[in-house]
Amino acid sequence: MSTTCPLLPRAPQPRAPCSLDITGLVGFLPSRRALCREQMDVGNLSTVTQFVLMGLSDLPEVRYPLFVVFAVIYQITLAGNGAILLALGMERKLHTPMYYLLANLSLLDIFCPSATVPKMLHNLLSGENSISFLGCAVQLYFLVALAGSEVFLLAVMAYDRYVAICFPLRYALIMTKVRCVQLVCGTWAAGFLNSLLHTVSTFRLSFCKSNLVNQYYCDIPQVVALSCSSTYMAEMLVLVIGGMLGISAFLTTLVSYVYIICTILRIQSTEGKRRAFSTCASHLLVVCLFYGTTIFTYIRPSSSQHSPARDRLISMLYGVITPMLNPLIYSLRNSEVKGALTRVLCGGARSRQAEH
């Protein structure tokens, strides 16, 4: 015989935290299911402590030939830009705003490939493609900072040529040493602050899908693609902040050269046109090479037929080939730089002969 009174309420029975109470309100069911699902997902997440970078080729037998090729390219890049810096530093008549800006471009062309190429060469030689979470963040930060600084610096160099050709009598008053230093410091500061914003927003994401980066270095699109959390804010920052800064720098460069070309076309003498064009021809070639490789690397139709391995090789145009070609363009197209390089190199050779 039961001792419990049927008229008294029974004590509530304990329930599992994620059990569904079908006797409760119907409107409460979705939130309970969502809570269960969220708890299960959190339990399945694993924290990514390192990333795996894709190699330049899927064929292991080409690792060593690729290592030799890109090691040579990297050495040429360092030697060429280093020679430009040495020539500009030792030739006093080249201590002008134009060549001060060129020296900063050579510095960027040394630093930018140095953010990715040494790690790539190590991976090719060792066959180990992993990179730590912190290492990936540092690499992405410096890569974006240096690339952004170069975009801004090219715009400043275009403005410098615009003032020199369109307002030659006022050039010394406008492009003073102080203003030139301020513009250069602004380009570096803008590049590094912009990169800090994007790096923080990228690595605050949760990574649980995979740790395989579809590139030979850490870049924003490839890292964001691995996130399992909402990437809306990171993508909007790239689109809005990065887009506004990049478009502003591009328009500054474009408008400057539109005015430069219009001014050159109004010059009557052929010799005057040739001399005016020669002062900006090298920079115009560098601008076309930089933006051409950037557009070809990042702005291509998604429907185009291309393999991931081909994409990685194409990105070499932007990250490795362009910094190597820039000193060649300036040394071949600019007679003053060519003369300074000749005097520095020949002077060094003569001094070594005198020592022997």
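Glycine too: its Cβ is placed from the backbone N, Cα and C atoms.
What TrEMBL records for 64-87, 99-118, 138-159, 180-197, 236-260, 281-301, 313-332 is transmembrane segment. Taken from TrEMBL, the feature domain 'G-protein coupled receptors family 1 profile' covers 80-330.
Among residues of the same chain six or more beyond the transmembrane segment (138-159), those with a C-beta under 8 A of the stretch's C-beta atoms are 98, 101-102, 104-105, 108-109, 111-112, 115-116, 119, 131, 183-184, 186-188, 190-192, 194-196, 198-199, 202-203, 217-220, 223, 242, 245-246, 248-250, 252-253, 256-257, 283, 286-287, 290, 319. Two recorded stretches are said to be in contact when at least 3 C-beta pairs lie under 8 angstroms, sequence spacing 6 or more; the transmembrane segment (99-118) and the transmembrane segment (236-260) fall short of this definition.
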